[in-house]
Amino acid sequence: MYVMTQSGWLEVICGSMFSGKSEELIRRIRRAQFAKQEVKVFKPTIDNRYSEDAVVSHNGNSVIAIPVATPAELFRYISATTDVVAIDEVQFFSDDIIDVVQTLADRGYRVIAAGLDQDFRGEPFGPVPALMALAESVTKLQAVCTVCGSPASRTQRLINGAPASYDDPIILVGASEAYEPRCRHHHEVPGKPKKQHDHPFAERASE
């Protein structure tokens, strides 16, 4: 990453599930802490799959985090001595997080936001696309497709072992769903509207 010469900016870490987003966020948090910077870490209260008060990677690494229900709550915990604001699972917040993050960066804070850029349908997820557009730095990570081993940019939702339908809720709380990384060609979403362009190249994949 290039070196910032001024204080106050936004970094976004995005990708599919199992791509190492939380691991990368934790790495940046620990690096800042090693540099004696004050870091405040946040996560949405809805994200309690592994822990209610920690950011936990799939490798088992973790850092303590403050669970918040709304973006505006971040301001209650951030002070003039804070240097870095880290936010995990940012896709679960409302679009209000965009203004909050912009305000923090404009006030001189280094903001690091990590989250899914696509939902299980393979469509833009919540505020993440806007944050990517506004960020000074975007790191898009890829996992490994569980079907073919190719780079995976999408998240496959499975319900009882079968691909979830397009009409399923974007966010499921307390459901018995499972997820795995998939590439573009092995990502399955039954019921997803087809988009066919009237162009000869559109038929190439089926030839």
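A Cβ is built for glycine as well, from the same backbone N, Cα and C atoms used for every other residue.
Taken from Swiss-Prot, the feature active site, proton acceptor covers GLU89. The feature compositional bias 'Basic residues' is assigned by Swiss-Prot to 184-197. Feature annotation from Swiss-Prot assigns region 'Disordered' to 184-207. According to Swiss-Prot, the compositional bias 'Basic and acidic residues' annotation covers 198-207.
Long-range neighbours of the compositional bias 'Basic residues' (184-197) within the same chain, counting only residues 6 or more positions beyond its ends whose Cβ lies under 8 Å from a Cβ of the stretch, are 120-122, 145, 147-148, 150, 153-154, 156, 163-167. A 10 Å cutoff on Cβ-Cβ distances gives the residue listed as 'active site, proton acceptor' a total of 21 other Cβ atoms nearby, all chains included.
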